[in-house]
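Inspection log for the structure reproduced underneath, given as structure tokens.
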Amino acid sequence: MTETLTSVTTAYDTCRCVHCTCLACDKRHERPYPTTKGSPDVLRYTLSSLDGQLFDPATFWSPSREGRRKALLAQIRACLNVAIPEAVSVTYAEDSKDTKELQIDVQPSTLVDNGFAGRCRNALNAARFEIARIEVDQKVRFMMPKADLKPSDHIQATTFYVEGMTCESCARTLRQIMRDTPGVRESSIVASFAEGIVRVEYDRFLVSRADVQEKIVGAGYEVSSWNDQTHVSSIDDETEYLVQAQMLLEGLCCESCVRSLTPTLKAIDGVKKAVVTLLPQRAVVVYDSRRLSAEKLGRRIKEAGYDVLDTETTLAHPRAKSKEEKLAVVTNDPSKIVITTTKISITGMTCASCVVAIEQNLKNRPGVQDVAVNLVTANATVKHIMDVIGVRDILNAVEDLGYEAALAPTTNRDSLARQRDEAELRHLARLVLLAFAFALPTVIFSMIFMMALPPTHPIRMAMMKEIIPGLTIVGLISFLLATPVQFGLGGRFYRGAYKSLRYARSANMDVLVALGTSAAYFYSFYAIMADIASKNPDAAELYFETSVLLIFFILLGKYLEAFAKGKTSQAITKLMALAPSTATLVTVDPEDLDRVIKEESVDISLIQVGDVLKVNPGNRFPCDGVVFRGRTFVDESMLTGEARPVAKAPGDALMGGSVNNTTGVLMKALKVGSETTLARIIRLVEDAQTSKAPIQAIADTVSRYFVPSVIALAAVTLMIWCAAVFSGAVPDDWIEAGKSKGLFALNFGIAVLVIACPCALGLATPTAVMVGTGVAARYGIMVKGGGAALESAHKVAAILFDKTGTLTVGKPVVTDSALFTKGTSPVSANEQDFWSLVVALEGSSDHPLAQAAVAYAIESKGVRPHSTVLNGGQYSIGDVKEIPGKGLECVISEVNSESGASSTAYLGSQKYVSAACGIEEDSNGAATEFLEKVQNEGKSVVVVGLRQNTPSGEASGTLLGALAIADAIRPEAPGVVRALQRRGLDVWMLTGDNEKTAKAVGRALGIPMSNIMAQVLPDEKANKVRYLQQTVKKGKKVAMTGDGINDSVALAQADVGIAIGAGSDVAVEAAQVVLVKSDLRDVLIMLDLSRVTFNRILLNFVWAFGYNIICIPIAAGVLYPVAKIALTPWMAGVAMALSSVCVVTSSLLLKLYRPPKMDDDEKPTLYDQVSI
């Protein structure tokens, strides 16, 4: 058992090769890891390979056995570097003499559980390592720096859902039990009888969740389920435990419904935040689960008159008080474990013993977090870590007990929304047809027969016959046709008006329609009653046709609006259609991986991590993974927007939903279910469409006062016209023959009520945002921030780019090389021998620059990786020796020489190689010229020299050649920088590299030297973003583009954070925009699309405001005295219905968007054409 560990060896931090220097003192030496006494126990994991060898040693060739072991270890460390950040030591097992076993020590601030093993397996599988088992080998104690032990790292909060509490006394009992439990924070204890929950915070090093649960069960209660919040953040010290509920709603018809429901939700005790959106119909509510539950929320929503189709609850992130704190939860949580909930149907259970047997069996399996079996419904709910135990494993475990198990029928939220929208469209279509069935005869009887025909026409005279004194046939028919329309088909407007006035305490569009149609209907009803009372059928004119036609045209407009709105959500529908419903699962012979033993078709929901799947040409990949066997071309255009097929070889990454174009391949599943790239994209698009743009606040404010103002204006209009007509100010010839003065004035009042349309204002922003984010997704751009991000992006005045991995490829490559001599002995330094010597020397190093040199020699110069001879076999290369902090050397011997003549080859810096060869640094003019040139360009230089070994040791050597290595600039980067500058943006570069390298890259990209920020530490990047935000003009925004964890805080600080999709998960989490295909040209598309989308929103507002500003005065009759222009109420209804349709259609035109064309000098440049 290990007692101390004073130095932690990792791939890069303690590298002693010639390429690395200590960041602290700029000297090359091994940097010890600081030690502190009293650290807690740490788990040591042992990884064992499938076939005794974790990889093919030939892949990482080196002349020495030790070199091969080092190369392997470096590769594995690189694999685990991102996936397992909590691993402080990755080494060979102490008793392992070959590459069979590894051991990983995990820092004590890590929540160690089955998810760790799964992430290890995933990371190594992705790099084509075959892992047979991962197990906890032993507990070891070693020293860790105190700085790494944060109190928040090992504090966990858990909510237990407890059954059996019958009164407040039970809650007090449980609170006392929790107080008596060691490790539980007393201030955090919550036990609620009303909610049926117990919530505590506890130190995982002192007490486990199972211990706390056992205390509750021991008191006589049952724990049905639980939820964890790991790594309680320090940014929110409140003892509230926030849960976020995403609720799919039905019944929201306009922005007034949103304004009605939002204050209702916010007024509920325990609700911290509530956002309701019309497109899509969703409510996102953050609430304190001690005082509220999702079920109670659903009941309150139903009481408000809306339906809840589906609810999904998750733990809410702690609220950040500033931009810097956005990532507190992400960066404090070193292990992100995904827990999946699976519901299964079980046949064959007969009693409670069956329930206990199933629960106990499943709970004892690794990766299963919780099990709840219901005997009555014959269903079981299992919470499990998908990386450790999959759905098929769970089903097989139940079936092994003698029961039949199958996945329970599931309802997908997106399919529910689609079904809801389709049902709403069908319902509106039926209403329109019914309204038309009443409107057509109404037009025939009331307008054609009674208005178009002359008074002496037999049909008109027949319609005027009295059934009873004062009641004509046409009057009765009109009443019978209008009544079911007014109170049947028009009932939705009365209900909507009631909900708006009752819950939102404000009037909406339904109020206007209800008032307008009611005025026409009840006026006509009053006229009939007056005619019957006076026994005079001509005493008052009827107005029933206005009510019927108004409702018909408004319903028709609602149908057209719903149809158009359905088109705005097609982006998500198309994305969902990418996932196949089934997959072909294959069983591979472990002795012969090229031999398939069995094939079977399985449901996509049954795929597990590690499965090998067969994908035929033309089929879609069912999940994320890597190519296991075969080569093909893949169409990823629906996910990334890249039209050209991408070549895939064994080990290359695959995205679920992409199409296999050419040949059948086998793939290994690495991410399944909700963790696939496709599922994440769908979630991002959904969230983006829920986010409101700040400009929406204008529409919300106007809409709040719009309807009351219209009602007041209609009343004033009616009073003015009544005063005018009854005072004699209106000439008699203005009033149509046969119409009363009161009806003449009422026409204007009703027209004002009906023509006003707040719906167009409410739809102006969300429809444009929904279509805009869908178009962005089509080009592989995920706008996580939704409307807010789109609005900010169009105001960007300055944009910062991280250098490494963003403007550059992030992978060093050889850019220049030169041979300085043609020496004769002992090696004729021709190009082939020179690069063979480079491979022999650098092949034993695990440094990225060394690997770049080896890769270049093999791929570009055709050097054989296994060659140990030079000059046609005349000389052999011996073992490579590392000179710490200086370089590498090896002995070259003449194969058939009896004298034993030999030379020593050196590789390293110019200073080291010149000194080792016994020559002056500037003795070779060609070498000096080359080295000065590449060093001025900020490149890393490796020099190779040779010195003959003599007994006296006085022989001088020679410089054979040198190579320059640099991080290659992305081919599209120079053009993107030029394009941004031509669009008026100030382009900046941010890097931690030295100033010389930074300026060399900036010069190649065309970035002004004054806009280059070099030697910026990761925690200083956010300060640089903040500095730019203070210098840009008021109202302008700053964007930041990056890819790594060290960019995450800067991305969060920026007004628009843009993450490269291939970068780290933390960077993607912090950004508002994600570029899926990691192409910088998408920055141009995103900025241009944001501009187009925002302009479309403005155009929609111009239309919505302009329509109301122009049409309301016309409806009020301002043009009647001059031009005799007046709108009848039914005409006003047609105009109102079409206004919303026009706004939605305007937004749909965004689908015609095409990216801007780049000028010739803005197009991508090949790597070898880019000079750093």
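Yeah, the Cβs are placed from backbone N, Cα and C, and that goes for glycine too.
Transmembrane segment is the annotation TrEMBL gives to one range among 467-490, 1067-1090, and that range is 467-490. Same-chain residues lying 6 or more positions outside the transmembrane segment (1097-1123) and placing a CB less than 8 Å from one of its CB atoms are 693, 695, 698-699, 702, 710, 713, 717, 721, 734, 748, 751-752, 754-757, 760-761, 763-765, 767-769, 1132, 1135, 1139, 1142-1143, 1146-1147.
Regional average pLDDT for the domain 'HMA' (243-309) in the model is 80. Contact between the transmembrane segment (742-764) and the transmembrane segment (428-452) is not supported, since fewer than 3 Cβ pairs fall under 8 Å when only residues 6 or more apart in sequence are counted. Below 8 angstroms of C-beta separation, residues 470-471, 475, 478-479, 482-483, 486, 490, 493-494, 496-497, 500-501, 539-544, 546-547, 550-551, 554, 707, 710-711, 714, 743, 746, 749-750, 753-754, 756, 1129, 1133 of the same chain, each at least six residues beyond the ends of the transmembrane segment (511-530), sit close to that stretch. Listed by sequence, the residues of this chain that lie at least six past the ends of the transmembrane segment (705-730) yet keep a Cβ under 8 A from its Cβ atoms are 256, 506-509, 511-512, 515, 741-742, 744-746, 748-750, 752-753, 756, 758, 761, 1112, 1116-1117.
Below 8 angstroms of C-beta separation, residues 459-460, 463, 474, 477-478, 481-482, 484-485, 489, 542, 544-545, 548-549, 551-552, 555-556, 558-559, 562 of the same chain, each at least six residues beyond the ends of the transmembrane segment (428-452), sit close to that stretch.
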